[in-house]
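Here is what Swiss-Prot records for this protein:
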type: DISULFID; residues: 5-19; note: disulfide bond
type: DISULFID; residues: 9-21; note: disulfide bond
type: DISULFID; residues: 14-27; note: disulfide bond
């Protein structure tokens, strides 16, 4: 979902707590 986390996740992993790689390759708060 949104808002974005300011992180990209080309590897499929988000390192920011509470963020998911959706939609790839952008990390968003779930």
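Glycine too: its Cβ is placed from the backbone N, Cα and C atoms.
Bear in mind that the values here come from a model prediction, so they are computed numbers and not experimental data.
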Item to check | Close in space, distant in sequence - residue 19 (disulfide bond), Cβ under 8 Å, 6 or more apart | outcome: 5, 7, 27, 28, 29, 30
Item to check | Cβ atoms near residue 21 (disulfide bond) (within 10 Å, other residues, all chains) | outcome: 19
